[in-house]
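Per TrEMBL, the features are:
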BINDING   B:5, B:6, B:7, B:8, B:219, B:220, B:225  ATP binding site
BINDING   B:49, B:120  substrate binding site
DOMAIN    B:389-453  domain 'ACT'
């Protein structure tokens, strides 16, 4: 049995829904279909979820959300019209939205969650109606009745352990089950959404709970690329990668899959297949527990800007038990999460995302490090980029670092920092932001472009 | 004005003392002479300090220390005889030792310190008597009367701030001042020794306090070598290196100078010259604040065995604020100091010296990490060696890492870990202990041996 999830762009129009129907019915194993809200039809289009957020905000500010509500309804109506669906389904969606807008606003976060969730919920009803209209046995599934219990954290709900047991009984139902993504219900019966891109999470939870053989995740790219296509033109596609590789890549800039979404599938060891709704015959990318190492040591290169480093030096720091713990404690007091802590004998640097701190917080942090830890010197470097070179194959490969650092040297990129040795499937380079593109290109050339002699 | 310190092997026999006299009187700037206790005359010889420790232990166990005491006295007597010194000085040393042995034993640590310190103290008297016998104006200086005030930590005393002001007045004294190394006096007038090799510390304190122009440290090697001579035959000598370089090198295996010893000289910016008593015309190695970068990017390579790593992985660790701080807190609870913490996205490794923990402590640490931090996996790797590649020149050098990692790859050394980026003057490689020698040799070849085309 397969759980199959479609992203917003795969459900943006009647034409897209026709592809979805074809894909689902092409394989009798495709039993549970998780749907997002209708996404963009063209670059300037607005996603239904974004329209719903505006709708909620208007209502909370006591403005009339009627116009926004109309835009949402129009999106569903356009699809229904294109597919010649009976009127009933649009009337049902209209009534649902009116009820939601009229509901309790005393807890704004929860009200926003209730509105946002309607995007997926109503789309699931629409998709079920469409499948039925084509003579396919399909049923909308209400997550409440199915037992998708979640914690009561608005915008960041977590599935509760009981949810998995309850959802398992969906296996007994007949026909194709159309399940709305992105949200669940708390024990008191209220709607709470997952974090953004949460339909991936719903699919992953269902794959785990129903003990699926495969979780197919349909989006609008043929595969996960080995490197960002905006940096390297038409990069190599990745056929197969492990969870660990995916996680390391998704850390820095790879946004095909929301990395938290993988957790439930990962825990149950269920493979995930990233595929393209617009080109379903392409094999896509398979994410697995273990893979044969057929290609070179490196499977992908990811990079991200916007990091800074706080350098702290103190003579004989190395002898001072507790120094590192105290330093991290200062950061924690300001709610700052850090990425890495490369260290010398008498110095340590903390690398963190720059957007976490403004100048005021930075000054406060520096002052505390100077005064409480008696550091000799504290200095900050801005505008760093981190580059992850990822691959299970580098575990056994003696010369990978030599190749990578040689490629960077040849491209005149100064390596500000290297972090290698804890994860066996990645090495990280810190470079100046201005060097990021050149560095990634040089690494791609080294590991992916065959040498022509 | 120069402060000049002689190590134990430079003071082991009359013949050695003749060299010392020649060196001191060859330069009128050599005003303050710090002496160690007599060291080894030949490989199997026993240092006076070690004899004194045995002496103290016998006394504490109520055994008769007479024989041990005789051995100590014999060492001084042999020197006095060789140099035809008057009997008085040996009688004075004898009486001093008898008094020390008869003193209070209720605090064993302090009693041991009192005995140990006599090695230097009596040697300073002997050297002063010898200088005087040759018509040189020389005076033994009593550290108590000179004001070398220290904290009351047996075997690990620290100079108190007042000491520096008091010692400054030594500048007014005439003649050559013979100052015993290794110990000072607490405010209550008791003897406390510095950590081992503490005569270097005394010299460094005096250089700082007296505002010397140079601190000459005489030992038995011509210079600091660029690499351990037991790993590479006749390695290149280092002419000049910075304090930072020295500290990074002394961290892993370079034992020419006790690294803490440099602190007072470092703070005052006083250059330190490592020279050879047996070959005083050799220029030795000069340790400075800043140096011209005349040679390649690398000035020295040091390595040390006996490290282990604790690998901790947890899915989404990266998102968990406080994880690193809690992990280091667990180590601190067991008094463990760590060297480095390379990290991946969902994992972190802690590198520490293996001799700090037995199996019981290791098990306790692992259990706490598993149970309190809910780690997915914790595993330990033993028998690691750390290699430091050090040089101010690598700061501006784009290709140093490429050269180093290429050399290691060519020698089939797998790099277990790299830590680079906080200190600008070093990069660290972690390798398996069995690969240490081969790795150091390969790095030496790369950075120090000219390529013959």
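Yeah, the Cβs are placed from backbone N, Cα and C, and that goes for glycine too.
Spatially, by CA atoms, the binding-site residues B:5, B:8, B:219, B:220, B:225 include one closest to residue B:120 (substrate binding site), and that is B:8. Residue B:8 (ATP binding site) sits 9 Å from residue B:49 (substrate binding site), taking the CA atoms of both as reference points. Largest Cα to Cα distance within the recorded ATP binders B:5, B:6, B:7, B:8, B:219, B:220, B:225: about 20 Å as a whole number.
On a Cα basis, residue B:7 (ATP binding site) lies 12 Å away from residue B:49 (substrate binding site). For the domain 'ACT' (B:389-453), the model gives a mean pLDDT of 88. A 10 Å cutoff on Cβ-Cβ distances gives residue B:8 (ATP binding site) a total of 24 other Cβ atoms nearby, all chains included. With the fewest other Cβ atoms inside 10 Å of its Cβ, the least crowded of the binding-site residues B:6, B:225 in this structure is B:225. In the domain 'ACT' (B:389-453), the DSSP tally of helix, strand and coil residues is 32 helix, 13 strand, 20 coil.
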